[in-house]
Every structure is written in C-alpha cells, then in structure tokens.
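Okay, so here's the structure we're looking at.
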Amino acid sequence: MTYLVSLDWDKEAFTVGEGGLSSNPEIQSEVSAGTGEELPAPSILEVPLTSPHLQGDSISPRLTHRETLRFFSPLAFSWLFMAIESPIALSAISRLPDPLVSTAAFFMMMGIAIWIESPVIDLLSTSVTLATDSKRYATISRFVWVLMGLVTLTHLTVVATPLYGFVSGSILNLSPEVSEATRLGLLIMTPWSAVIGWRRYLQGVLIRFGHTKAVGLGTASRLVTMTTVTYGLFFTVELPSIAIVAIGLIASVAADAAFAHWSSRRIVRTMFGKERRPKRWFNLGSRRSEIVPSALGVEPVPEDAPLSFRELAAFHTPLTLTTMVMLVGSPLIGAFLFRTASPVLATAGWQVATTLLFLLRTVLFALPEVVIALYDRPDGPRVLRSFCMCAGAIASAVLLLFSFTGLDSVFFERVLGADPASSRFAHLCVLLCALTPLINAAQSYFRGELTKWRQTRVRLWAVLIGMLVLVASLLTCLSLGVRAEWMIATSLTLSMAAEAVFLRLRAAAVAALTPPPAPAA
C-alpha cells in the first residue's frame, strides 16, 4: 500500500505519493488535503509505506549491516531466552522427588508437544511473508484460528484417548512411570500449541513492520514468567515436578502471546484497521508517532491480489512438513547411537554436546525472518548474505575457541555436571561439528530467500535430501565401525551441507527468473 501525505521530519519535508516518498530541503509546513504537494527535490527516496524499514526512528533507503544487526539482535536474544527454558525446568525437577522419572517425562512431553505444534511453528514465516494488506491479514487470521483448533484437537486426541497408550507404549516404548508422568504434563499443556500459534503469527506481523524489539521483550517476559511461576509453585505447593514445570511452561507462553497481542494491536490498527480520528501532524522521528491510513484522507492501494485459503495452505503446508521432518533428526541420531559399541556413553555425551551446540546455533534460527523482512531493500540480498555468513562464521569461531581453550570441558563438567567420560566425548563432538553453525547460517539465508519468493516446496525437498544423506552416512559409518563421535559429526555435517547446496542451487535457478530488488540510491 502507498499513501499520499506530507510531513515535517528532521527539518526536511517529505511527500508520500504514488511511487514512494520524496524529500525536500525546505520545510513543508502544510499537509495538503488528500493530494499532497511536492516541491522540487534534489534527491528522491522511494520507500513504500508498508516497508519494514519505514518505522520507529529512521527512514533508510539502503540497507546496512548496522541496521540489519539492530533488526536481528532482538530476535537472536528471543531464541536465546527460549533456549534457557529447558535448564530452568530441569533445575526445578532435579530438586524434587523422582528426578530421573520426571526428567525423562519432561523430554518426552516436550518432544510430543513440539511435534503436535508443528503446523503452527512456521506461522512466523508465513505472516512475515504474506501479511501485506488488510485482506490478506484477514485471510491469514482465519487460517490461524483453523490451525489453532486443529492442533488443540490433535493434542487432546493423542493425550486424552486410548491412542496415548499406543503412542507411549508401542511407538515410544516408555516405562509405565514415565508414561503416566508424561501424560499428566501433556494434559496440563493442552492449550500449548494454540497459544504458540497465535504468538508466532503476531510476532510475524511485528517482524514484518520492523518491531523486532517487541518480539525480544515478549520472550523476556516469557522467561521471567517461567522462572517466577515454576519456582513460586516449587516453594508454595506440593505437586508432581512434571506438573509444576508444565504449569510454568504454559504460563510463560501465555504471557509471551499476550505481550505479542498487545504489541501488535497498534500495527494492526495502523496498517489494517478501521478509521480513526484524523491527525494533522505526526512525526516519523518519534517512537509515539503513528501513521493511520484512514486518517490520511485516502484509501490504501492494494499491492497484492487477494489470498485464498487454498493458496495459503499451498504456501504453508510445505513449511509444516519441513519442520516435521527436521524434528525426526534428533530421535534418528539417538536410535543410531544405541547401536554403537558404548550406547550409554555415546547418548549421554551427545546430549551434553548438543547443549552447547544448540546455544550457539539457536541465534541463527532468527535469520530467515530477517531475510524475508529486509530482502526487498536496495542492497538487501548482498548485505543479508554477508551478514548471515558473518554471523555463522562468528558462531563457528566461538565453538573452535571453546574447543581449543578447554572452555567447553569447563562448561560441560562445572555447569552441566557431566562426568569426565561424557565431557571428553562431547569435547570431540563439538570440535568436529565446528562448521555446523556456518552451514546453518547459509541454510538460513537461502531458506529466507526462497520463502520470500514463495518457493516453500524447495525447503521441503532440501530437508528431505538432507535427511537421506544423514541416514546414508550413519548407516555407512556404523557398518564400517567408525567411532561414535566421528559418526555423528561427519553425518550431521554432510547432511547439513547437502541441504545447503541444494538450497543454493535452487535459489540460483529461481533468482535467474526473479527481478532483482532496486539498486542502492
């Protein structure tokens, strides 16, 4: 959508008309009623009003690494805050009765809950990409409510019916104690998937319009709520530890979703909302200023054709299937570890190693949405590609630093409480997996680029290819008697590299048919 309006900002006059935003060194003091008046300008800044970079404190036509970092940092911290939830839960469980059973139940509970929520996880990418105007926003909202209902119904069907006995016994082979504890936690977490879906949908809207700080603050509120509720129950009531953790988790995501809902209301009213009282003056340099389309005396011009449910499902379904396939990777590696010469040591050591690997890779999970939101900026592809690779290189360098200085062993033994044998196993795994963050960053860039181009099926094919390479490599290493550390690291690295190469090739093919973004001014 574009709008016609004049405004005073930082001693320059700006006129928004068809085609974008123009500037004039002389102050434009009047807002022309519905028509706008543009004085001769030495330079032209073409900026669509709905672009993510028209927000907050600045209007910059050319994307820079500094601006990308400001945009990315709150999202990276958001992922880090979520990664800390598990240690908080485990710290409470370890101080309550039956810690072994409750710990096993916690991991099973989270595994099942995350699998069920798979259809709503990628609502973040969907809303960042497709929430471009009021009609599309309304269609996506209805789609989100349908998904929320479906995942909640699926959750209840799995947990509250005899189907749970088949899942926990025949498929997961859980002991009766772990099975019952897991079921109790899952019953408490019935709203989990729906709340996560609403949260990620609205966070996508926030990201699209540049309000990434709100996403980070929302996840910070989630972490505070998780800690407060979990330890509040720990000190005040007598409940099974899995129940305390489940209540803490559901309260934390509810707080995060509520914050996202509250934060996004102004954006929804501004970009998609009903008519509000017209305002003669507003200042784009102020955090409190707002741009209300209906208050400008003009109707928004739709940029995109209406979005049907079928088109939306065709876009979103491959993302859902991609996530579901990716979630199989960890259990698959675990199954192969149980076939090695020392299965207990290999499993324990790998769990210790993945804690550090995940903490460093988790910040890279925010990169696809950054690419989607900023890709259309002049110089966007070049800046975003180099930014992603720099972020991955830094994460890989930190892993190598930890490995060569022995900081990883200190972390494993003193922070995680791992025994020396598991620590040595994890140390070698981390060293051998040092390139995975760099590869992960490359994947993130190409995933974001392809999603921006609506090529979500390519992401599904890529992860399927990566999974095939993972299985083939694990089978080969197992048959050759390769040590478990080398087997895991080699297979994981080859799998991720194969996926990244496929994404790169498909992105290049699509780019040849896609008009490039406008060059830098």
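Any Cβ shown, glycine's included, is placed from N, Cα and C.
According to TrEMBL, the feature transmembrane segment maps to 71-93 (among others).
According to TrEMBL, the transmembrane segment annotation covers 105-131 (among others).
For 143-164 (among others), the entry in TrEMBL reads transmembrane segment. Non-local neighbours of the transmembrane segment (143-164) in the same chain are 112-113, 116-117, 119-120, 123, 183, 186-187, 189-194, 197-198, 201, 309, 312-313, 316; each lies 6+ residues outside the stretch with a CB under 8 Å from one of its CB atoms.
Per TrEMBL, transmembrane segment is recorded for 184-202 (among others).
Counting only same-chain residues 6+ beyond the ends of the transmembrane segment (214-235), those with a CB under 8 A from a CB of the stretch are 73-75, 77-79, 81-82, 84-85, 88-89, 92, 95-96, 199, 203, 206-207, 244-245, 247-249, 251-256, 259-260, 263-264. Taken from TrEMBL, the feature transmembrane segment applies to 214-235 (among others).
Marked as transmembrane segment by TrEMBL: 241-262 (among others).
Sequence-remote contacts of a segment are chain residues at least 6 beyond its ends whose Cβ falls under 8 Å from one of its Cβ atoms, and for the transmembrane segment (319-338) they are 111, 114-115, 118-119, 121-122, 125-126, 346-347, 350, 354, 451, 456, 459-460, 463-464, 467, 470-471, 474, 478, 484, 487-488, 491-492, 495. The transmembrane segment annotation in TrEMBL covers 319-338 (among others).
Annotation source TrEMBL lists transmembrane segment at 350-375 (among others).
Feature annotation from TrEMBL assigns transmembrane segment to 387-405 (among others).
TrEMBL lists 425-446 (among others) with the feature transmembrane segment. Note on the transmembrane segment (425-446): residues 345-346, 348-350, 352-353, 356-357, 360-361, 364-365, 367-368, 371, 384-385, 388-389, 391-393, 395-396, 399-400, 402-403, 408-409, 412, 418, 484-486, 488-490, 492-493, 496-497, 499-500, 503-504, 506-507 of its chain, located 6 or more positions outside it, place their CB under 8 angstroms from a CB of the stretch.
Per TrEMBL, the feature transmembrane segment maps to 458-481 (among others). Tertiary neighbourhood of the transmembrane segment (458-481): same-chain residues 318-319, 321-322, 325-326, 328-329, 332-333, 336, 339-340, 447, 450-451, 487, 490-492, 494-496, 498-499, 502-503, 506-507, 510, selected by CB-CB distance under 8 Å and a gap of 6+ residues from either end.
Same-chain neighbours of the transmembrane segment (487-505): 329, 333, 336-337, 340, 346, 350, 428-429, 432-433, 435-436, 439-440, 442-443, 446-447, 450, 458-459, 461-463, 465-467, 469-470, 473-474, 477-478, counting only residues six or more beyond its ends whose CB sits under 8 Å from a CB of the stretch. Annotation comment: TrEMBL describes 487-505 (among others) as transmembrane segment.
Ranked by the number of CB pairs under 8 Å to the transmembrane segment (71-93), the listed stretches 105-131, 184-202, 241-262, 350-375 are led by 350-375. The transmembrane segment (105-131) is in contact with the transmembrane segment (241-262), judged by 3+ CB-CB distances under 8 Å for residue pairs 6 or more apart in sequence. When each of 184-202, 350-375, 387-405 is checked for Cβ pairs under 8 Å to the transmembrane segment (241-262), 184-202 comes out on top. Same-chain residues lying 6 or more positions outside the transmembrane segment (184-202) and placing a CB less than 8 Å from one of its CB atoms are 105-106, 109, 112-113, 116-117, 119-124, 126-127, 140-141, 144, 147-149, 151-152, 154-156, 158-160, 218, 240, 242-243, 245-247, 249-250, 253-254, 256-257, 260-261, 263-264.
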